[in-house]
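Below you will find the structure I want to go over with you.
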Amino acid sequence: MDDPTTISNQRNHSAPETPRLNLPARMSDSSVYLENLPSRTMHINRLINSNYNSSPSRTIYSDRFIPSRSGSNFALFDISNSPTSAEGKEDGSGTYNSLLRAALFGPDTPDKKDSLGSPACCNIFRYKTETKRSLHSLSPFGLDESVPGIIHSPVKAPRKVPRSPYKVLDAPALQDDFYLNLVDWSSNNVLAVGLGNCVYLWNACSSKVTKLCDLGIDDSVCSVGWAQRGTHLAVGTSNGKVQIWDASRCRRIRTMEGHRLRVGALAWSSSLLSSGSRDKSILQRDIRAQDDFASKLSGHKSEVCGLKWSYDNRELASGGNDNKLFVWNQHSTQPVLKYCDHTAAVKAIAWSPHLHGLLASGGGTADRCIRFWNTTTNTHLSCMDTGSQVCNLVWSKNVNELVSTHGYSQNQIIVWRYPTMSKLATLTGHTYRVLYLAISPDGQTIVTGAGDETLRFWNVFPSPKSQNTDSEIGASSLGRTTIR
């Protein structure tokens with residue numbers, strides 16, 4: 001019978017048996033050897049498996065993994081990590097992790113604590129301490145431009161607005177009068193301009209100029225306005241009359257009376273024509289009826305200088321030299337809404353084509369502000385001080401932007417982005433107040449007129465299909481011609 005002591009001594013003097021680690025079954029013992037580690041490895045192994053005698057005929061399977069808590073950030077949960085309970089186990093678990101790392105990944109693998117710093121900031125909810133990442137970092141490819149087949153969409157650059165007009169027309173006798181409206185652009189791409197006692201038509205497609213009418217030496221043109229179909233033009237005169245002209249035939253259809261003084265503002269709503277006068281009244285005219293006017297709107301205490309129908313033809317906005325902005329409906333003879341915040345004449349009026357009930361108005365020299373109103377809720381939305389007399393306003397139908405033209409003291413044209421009211425461009429060139437403004441039927445080009453007797457054409461808005469593409473319309477049309 002063998003002596004147990006002798007057997008134990010024989011085992012101690014025989015070749016040392018390769019220690020086994022507590023590894024998953026799919027990892028064979030032959031893939032992990034600790035033979036080349038220092039002698040202290042056996043000591044550490046006995047610390048870890050002090051009560052375990054390995055048997056070569058027995059395979060060990062692990063059923064769970066308990067991680068080390070030394071790297072956890074307990075401060076995020078207001079949990080105190082007791083040093084007394086951690087210090088005793090830290091040496092053993094840390095050494096075991098080092099041995100396991102060296103066995104699996106090689107002896108030169110850096111310690112995670114060395115690469116990440118303090119162990120208290122490397123585990124629980126680590127993303128809370130990281131800075132905000134860009135959207136590109138969410139891509140599995142990151143920002144690596146060398147990955148084939150991956151196309152990164154570029155950041156859209158701000159749209160560039162040309163700072164100079166692509167065309168200039170001389171307009172002799174174009175009056176420098178704030179209260180008149182002498183320029184309008186039809187849906188058929190024909191520009192109507194009132195010069196003295198005559199009206200001229202300029203075809204934007206062919207650049208052909210046609211003299212439509214001559215009122216004679218005793219009368220002058222105070223306003224022009226195209227019907228929505230672009231075939232008929234209304235002309236307001238200094239004698240208080242309104243003439244309707246067939247533009248294609250250059251023939252006057254009828255003359256309507258009713259005002260005692262000049263007619264400086266016109267606005268169409270289908271077959272209904274509204275005219276505003278220095279006599280403080282607004283007349284509603286149905287051109288199909290025999291009567292000169294169907295109703296009379298009273299409310300302003302001074303000359304009516306601004307008129308605009310909403311896009312749904314349900315509301316009419318009027319501005320006057322009494323610093324008032326009124327809103328009328330189709331059947332009212334008294335204003336349904338009254339806005340009295342402006343401190344100067346209100347000529348500039350524009351309805352938004354993008355939001356129902358959104359109305360913009362601009363005040364004269366003593367006011368200099370653009371104000372926005374919600375006529376649906378009867379609320380004042382915002383106010384922007386432009387620093388100059390506001391002469392005209394027009395919205396873009398392609399993008400949510402608008403243009404304002406100005407007089408004293410800078411005579412500038414400003415393109416605004418709504419609702420932030422950030423300036424996209426400031427255009428200069430006119431030497432007098434920019435009193436007249438119209439927009440092309442495609443919504444990309446505006447024409448401005450001033451007392452310097454020039455009409456200037458600007459590309460300010462993008463096309464509906466390519467809102468970030470610079471328009472080249474008119475680039476080959478640079479030059480200066482005369483409209484008559």
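Backbone N, Cα and C define each Cβ position, glycine as well.
Under the heading compositional bias 'Polar residues', TrEMBL lists 1-15. Marked as domain 'CDC20/Fizzy WD40' by TrEMBL: 169-458. Sequence annotations record features per position, and here TrEMBL assigns region 'Disordered' to 1-24, 465-484. If you look up TrEMBL, you'll see 214-255, 297-338, 427-460 marked as repeat 'WD'.
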Using DSSP, what is the helix/strand/coil residue split across the repeat 'WD' (297-338)?
0 helix, 21 strand, 21 coil
Using a Cβ cut-off of under 8 Å, list the residues of the same chain at least 6 residues beyond the repeat 'WD' (214-255) that approach it.
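Distant contacts of the repeat 'WD' (214-255): 175, 180-188, 190, 192-199, 201, 261-268, 270, 273, 275, 277, 279, 285, 287, 441.
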Count up the helix, strand and coil residues in the repeat 'WD' (427-460) according to DSSP, in that order.
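Breakdown, helix to coil: 0 helix, 19 strand, 15 coil.
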Average pLDDT across the repeat 'WD' (214-255)?
96
